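Student: Copied straight from TrEMBL:
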type	residues	note
ACT_SITE	Asp195	active site, charge relay system
ACT_SITE	His245	active site, charge relay system
ACT_SITE	Ser556	active site, charge relay system
DOMAIN	186-613	domain 'Peptidase S8/S53'
DOMAIN	408-479	domain 'PA'
DOMAIN	634-738	domain 'C5a peptidase/Subtilisin-like protease SBT2-like Fn3-like'
Amino acid sequence: MCCQLYILYISILTQTRHVHNSFTPIMKSALYWTLLSSFLSAGLAHGAVPISSVKQVTNIPTVPNKFIIEVDDLSDIPTKRSFTRSLDAVYESLRGRAIKFDVTKEFDSSGLFVGAALTLNSAQDVAAIASTPGVKSIRPVVRFDQPKPVKSHVVTGPNDAQVPPDGESTHILTGVDKLHAQGLIGTGIKIGIIDTGIDYTHPVLGGGIGPGHKVIGGFDFVGDAYNGTNTPMPDNDPLDQCNGHGTHVAGIIGANPGNEFNISGVAFGASISSYRVFGCSGSVTDDILVDALLRGVKEGQDILTLSLGGADGWTEGTATVVASRIAASGKIVTIAAGNDGSSGSWFTSGPGNGINVISAASLDNTVIPLQNLTVQGVQHDPITYFDTFPLPVLGDFPIFATSNDTTVVDDACNPLPASTPDLSKFVVVVRRGTCSFVQKLTNIAAKGGNLTLIYDNGNGFSDISVGNFQAVLIQPADGEFLVQQFVKGAPITVSFPQVGGAFNFPDPAGGLISSFTSYGPTNDMFFKPAVAAPGGNIISTFPVPLGSFAVLSGTSMATPFIAGSSALLLAAKGKTAAVAKSARDLFETTAQPIGSSKTDGDPLQTLTQQGAGLINVFSAIHTTTIVSPGELILNDTANFKPIHTFTVKNTGNTLKKFKLSHVPAGTALTVQPGTIFASDGPVPLSSTAASVTIIPNTLILLPGQSQTVLATFKPPTGLDPSTFPVFSGFIQIAGPTAADTAHVSYLGLQGSLKNKQVIDDTDEFFGVPTPALLDAAGDVQSGPVNYTFVGDDVPTLVWRLAFGTPAFRADLVSSNINFKPTITSRSFGNFGPFFSFPSPHNGGSFAQVKIVGPLAEFDFVSRNNDDTTPGGEGSNSFVLETPTFANGTTIPNGSYRVLIRALRVTGDPKNEADYESWLSPVLGIQASPSKSP
Ligand SMILES: *[C@@H]1O[C@H](CO)[C@@H](O)[C@H](O)[C@H]1NC(C)=O
Ligand SMILES: *[C@@H]1O[C@H](CO)[C@@H](O)[C@H](O)[C@H]1NC(C)=O
Ligand SMILES: *[C@@H]1O[C@H](CO)[C@@H](O)[C@H](O)[C@H]1NC(C)=O
Ligand SMILES: *[C@@H]1O[C@H](CO)[C@@H](O)[C@H](O)[C@H]1NC(C)=O
Ligand SMILES: *[C@@H]1O[C@H](CO)[C@@H](O)[C@H](O)[C@H]1NC(C)=O
Ligand SMILES: *[C@@H]1O[C@H](CO)[C@@H](O)[C@H](O)[C@H]1NC(C)=O
């Protein structure tokens, strides 16, 4: 279709892949895998993909030879000599150990993060660096993808400016409209936006940059051409006129009212600084994110907001840890929860995983801004079509139906009959179904048709993808009406008003949590996301050269909403560290619980996707019922913490009486029954809930008085343990009026994470069991194979993780090692001696396994998702490109096996029994001497 600019259906928060062999024994590391969310099938119908389709490239998203070290305080470094900076002492020690390195960045924020980004000559030095006095941690540099909206649509013409899609609906949903009416607009608060930059030339964003403007400053860490792999070219100007994401985010916070779209930012009185960490396209590495976070703190931002990230499942990444420390220090940090909802539970994003940050879930706007066409010649209401902006078509057109039968299933799937007139004069009406939209439109175009209304066949009223054709979806009854008029020969025409046709279509899914929101909890059972804000179908500013306004969807849009809300909170209560530290509790305890559907009797949505509910900014600021803490984490069965306390304080000036009660949410069945695989989203819910004893269950509090409440939880019973049910809900504290009511959120797992299988040993995804070694031809090795390392004659290790692991390692062991792995590969059948070692596996000690040398080690790894298509993130692959160990030494020619070990979550790293293991078939290294480095 000619005039719809573009629509994207992509998850934000992804990291790149295809990083080459830089495997190192990483001793104190954290590393992310990246997992895209599209392509996911429901249930177990994974549809095996041939394993030969696995790209024979290493796909770990770290940057070769780049690491971030964190160093101790100078006083804690024994070898400090006369240095005044701990970094200098550490550099000296590294030089003393003959380690070659370049410092690419230094981080010197005492109390938050002191360290450096290093480029090493050889990744083999990592182990030596880790053991250097003064080095607290060393982590690989990880990449994060461009934040991509789930859906976007740009204004198409000058007349669009007249269209009033009501951005304010999001403000009404959250009480922001009432705060604006009180004159609270965030004046005096500084917000740092870490994103793609901002088009500050946009009139609605103040039209300039610098003191006195809305955008008071910022920094460009990367430059337009930066794509995540090339050299950043920093400068002082964070202008973005090529991407747009950051401009949309900025408008949600700060758009000035009085514009043609009747929208305003949540905190349009606040001052914005723009920290640009993405170029026009591509990704960013987390050393730059850390730099941007620390600069934001140094420049006095009260709030930092990041609509970016990548699925990693843990609270341990560098940017994740730094963001959390900044929040703990008394700044508010808001970060997107991620758009991986379709991948199911245990799939949270870093840096949103940061323990103290506010991780943002998205709620679908209650209305979708759509357009009406009008009908002339017969009496009929306007007809709503699925487009945010009017089709740029002027005039009245008669209609032509490609079928007179409104039940036809394959309308216009075949070439239209020869008797068909020239359709260029008509608006063509065609029924959805059987073939693709593009095929129908191609057949219609063959007869000259260039404007088509496709009526829905019950599949759902939504945005559709029609290539370059001009066509929109209408609802079934409207299509049937038009066809009937056509058959009757009624004198009907239709037209597309360019002004005044906007209609806020009530979204059937509006007011529910956006299905794309990533599900928590983290693998270490932290409560993510924290709260929800409107993020689905949001209209906001866009760079002037790219159309000035756009409608986007994503947790990227919910995040700045919470940042803006935080500014209102600080403006109302004072910008002190104490207020900042109370922000998450206030937002959580005053949030509104959201259902899992609009059907009466269905449970509330699991807190693993809605957090504590939809933010109510008015309540968070004006409540006089102060409850703390906002989250009670019961952990898993093995670490179960059944007894919790919280306090309720009456800060009002009248006596208040409260009734406390348990309001359970749906229990998330996070794993598909009887399998090892996470349930895809929407994660199925059970109404079987925990029970809670609350003492006392009524409170009478005088003004200023507070009281502690004791809550004792019993997990739900009778649920299938193979589903790893995560139960959650609220303890409601009901006051005399709705405004006095608050809640505490809780979350726990019925089951023990130590029992959750980590390595996928099934053939579910590839038709052959994994892990597997692939030979040069991409075939699974079923017996011994020799590799020469000439050309493509190298082995590739392929594995999938059904669950996250705190530690994963692959080692080379002797081919006749006496070790019985926990996973015995069925595909190898009776392969004689390989898997028939007589001694039972009786625990032993991890350290006693005899290793020839390490191939790779990673800490805090996310599980895979279902996307095993080439380039997808449903599996991990590691190519041994040269016969070298991770520490850089040459592997002597000989006969080996690969031993994979993965620690189960909450397992003891020193206890071999807590690891899963797999032993490969025999791998012969037969490199000619010249091929060995
Ligand atoms: C990034 O840009 C460089 C050129 O500056 C190019 O060589 C490289 O392939 C690009 N990388 C990606 C991932 O696009
Ligand atoms: C748009 O069409 C719908 C359905 O006929 C109607 O209810 C609504 O009032 C119309 N709105 C405008 C602005 O034309
Ligand atoms: C189709 O294109 C022709 C040629 O540009 C134009 O005259 C006609 O009005 C168009 N038809 C419709 C329904 O927009
Ligand atoms: C469909 O209806 C139109 C208008 O009444 C008529 O001209 C046409 O012949 C009909 N087509 C068929 C296939 O019956
Ligand atoms: C849950 O328990 C595990 C094991 O003790 C611990 O590592 C983790 O931090 C706990 N999670 C929370 C949120 O307290
Ligand atoms: C691998 O090479 C070794 C040494 O040349 C040889 O003894 C062995 O038979 C070879 N194995 C296979 C499977 O070709």
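Any Cβ shown, glycine's included, is placed from N, Cα and C.
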Student: Between the Cα atoms of Ser556 (active site, charge relay system) and His245 (active site, charge relay system), find the distance and write it as a whole number of Å.
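Tutor: Cα-Cα, rounded: 9 Å.
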Student: Which residue counts does DSSP yield for the domain 'C5a peptidase/Subtilisin-like protease SBT2-like Fn3-like' (634-738) in the helix, strand and coil classes, in that order?
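Tutor: Per DSSP, the residues of the domain 'C5a peptidase/Subtilisin-like protease SBT2-like Fn3-like' (634-738) fall into 4 helix, 55 strand, 46 coil.
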Student: Which secondary structure state does DSSP assign to Asp195 (active site, charge relay system), in the simple three-class scheme?
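Tutor: DSSP call for Asp195 (active site, charge relay system): strand.
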Student: Using DSSP reduced to three states, classify His245 (active site, charge relay system) as helix, strand or coil.
Tutor: helix
Student: Within 10 Å of the Cβ of His245 (active site, charge relay system), how many other Cβ atoms can you find? Include all protein chains, please.
Tutor: 28
Student: Within the domain 'PA' (408-479), count helix residues (DSSP H, G, I), strand residues (E, B) and coil residues, in that order.
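Tutor: In the domain 'PA' (408-479), the DSSP-based counts are 16 helix, 13 strand, 43 coil.
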Student: Translate the DSSP assignment of Ser556 (active site, charge relay system) into the three-state scheme.
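Tutor: Ser556 (active site, charge relay system) sits in a helix per DSSP.
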Student: Could you state the CA-to-CA distance between His245 (active site, charge relay system) and Asp195 (active site, charge relay system) to the nearest Å?
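Tutor: About 7 Å separate the Cα atoms of these two residues.
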